[in-house]
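Engineer: This is the structure I want to talk about, given as C-alpha cells.
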Amino acid sequence: QAVFNLLIPDHAADAFSPPRLGAGGPWDALLERLLGGLARWDGEHFLFIAEHGYLLEHNCAFLPLFPLGLRLVAALLPLPWPLQPRSRLLLSAALLNALLAALAAAALLGLGRAVLQNRRQAFLAALLFSVSPAGVFLAAAYSESAFACLAFGAMWRLETGQGRLSGLLFSLAAAARANGLVNAGFVLYSRARRFALQLQGGSAPSLWKQLLSLASSAALTCAGIFLPFALFQYYAYVRFCGPGAGLAQSVPEPLLQLARDKGYRVAGTAGAEPPWCSQRFPVVYSYIQDAYWNVGFLRYFELKQIPNFLLALPVTILGLWAAWTYVSTNPRHCLTLGLERRKSEERGKVRDGFCGPAAFVYVVHSTALLLFGFSCMHVQVLTRFLGSSSPILYWFSAYLLQEHEPLLWSTGTDDPKSGKPLLGKSASSCGKGTSDNPVVRLLLNWRLLTPLSKSILGFFLGYWLLGLILHCNFFPWT
C-alpha cells in the first residue's frame, strides 16, 4: 500500500477528512507516507474517535471497542521519537491489526478443525483467509480484524464446549461491530440442538429442569451479547440528547469549523434536539445509517449503482452457491434444522468437510447476512462484510478447490495428469511429500489449474490487490 500510495495520486473523494491539529514533525510525515493509505474512508472515523472521542454525531455509527484498543496501544507504545497523537494512533492501528488478523486466521483454523472435521480443508480455508478479498480492510484502520478475531474465536470456543468464554468473546465482538448482535443466534441454536438431541437420546430424565437450565443460560449469554450495544446507545443519548454541559467550548476551532461547513452535529452544543432522541427507544446507530448514508431496504437498487452490484457479484455468487450446495446435499438435515439425530451420527460415521452436519448453522448465518446485506446495505461492502463475519466464504472456497482441483488430490510430487514435477512441493528427509503451502503451490502451477480454481484464486488475489490500489488512494471500493 505504501508503494501504490506513493505512485498514485489520491482521488478527491467526498469523504470524512478532519483537519490535522498542530504541525507534524519529520517522523509524522514519514509515517504518513508509509502508512497513510491505511487511514482512508472509515479509517478516518476510527482514528478521529480514538483521538477526540465521540465528538460528532455520525461518529456514533462506529462502535467503541476498536477505538479504545487503539488508544490503549498508542498509550503503551514505546517510541524513541516524538509523534503527533494521530500518527501514534495510525501506527498502533497497523500493528494491532497485523496481530489481530493473524489471530483471526488461527481462530478460523481451530474453528474449521472443530466443525469440518477435515484438517486439510480447515488449513486451506485459513490460508485463503490470509489472502482474503477483504484483505485491505483487515490491515487498514478498520474494525474488521478485531471483529473476525473475536467472532471466529467465540464460534471456536462454543464448538469446544467453552460456553462462558464463548459468550464473553461474542459480547466483545458486538462491541466492535453491530452485526455482532446476530451471533446470538449461534448461542440459541447450540442450546436448542443440545436439548433436542438429549430428548432423542433419552438422556433427559428431568425435562423441565433441563429446559429451564438451557433457557436461562441462553438468555443470560444473549443479554451479555446485547449489553455493549445497548450501553453505547445510552452513552450516545446522554452525550447528544442531554443538556449541553459546555462541551463545545473545549472543541478546537478547526473541528467546529468543519462541523459548520459539513453540517455535522457536535456533542454538547445548543440547538434543536436530534430527531432520534425523541424515539421511544432512542437508537442512534439506525438513525445515522438512514440519515447520513441512506441505508435502508432496497434503497440501493438504482441504475447508477450497477457498478457496485458488479463489485459484489463474486461474493454473492459464492454465498448463494454455498447455500445451494449445502441444502441440496443435506435436504432432510436442513428441513429438520439440524435438530434430528441422524443414523450416521449414531454409528459415528458423519460426513466431514463443508457438507458435514455441523456446518448447517454457519451456512444459515452466512446466507442471512448475504440477503440482508444485498437488500439493505450499500451492496459493495458485502465482500468485507462477509469476509470478516462468516467462515463460509473460506470453507466453501476450500471445499471447491479440494473437490475440483486435481493438483490438491495428489500426495506425491507430480502432476496427477501429466506426471511432471510440481513446483512448490519438495520431498522431506523422512521420504514423505511435504506441502509447504497449498495456495502457493497452486499459484506456482497456475497453468495447470482448472478454470474453477483460477476463478476462485483470481477473485481472492484480484480483490486483495485491487483493494490495496484503490482503497489506499481514496477511490471507491468494497
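Glycine is no exception: its Cβ is also placed from the backbone N, Cα and C atoms.
Automated prediction, rather than curation, is the source of TrEMBL annotations.
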Engineer: Suppose you had to name the range TrEMBL annotates as transmembrane segment; which of 350-375, 376-401 would you pick?
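Structural biologist: The listed stretch tagged transmembrane segment in TrEMBL is 350-375.
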Engineer: With pairs fewer than 6 apart in sequence excluded, do the transmembrane segment (350-375) and the transmembrane segment (168-190) have three or more C-beta pairs that lie under 8 Å?
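Structural biologist: Touching, yes - the transmembrane segment (168-190) and the transmembrane segment (350-375) meet the threshold of 3 or more Cβ pairs under 8 Å.
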Engineer: Any residues 6+ beyond the ends of the transmembrane segment (350-375) with a Cβ under 8 Å from its own?
Structural biologist: 114-118, 121, 155, 159, 179, 182-183, 185-186, 189-190, 297-298, 312, 315-316, 319-320, 322-323, 325-327, 329-330, 333-334, 337-338, 342, 344, 381-382, 385-386, 389-393, 395-396, 398-399, 402
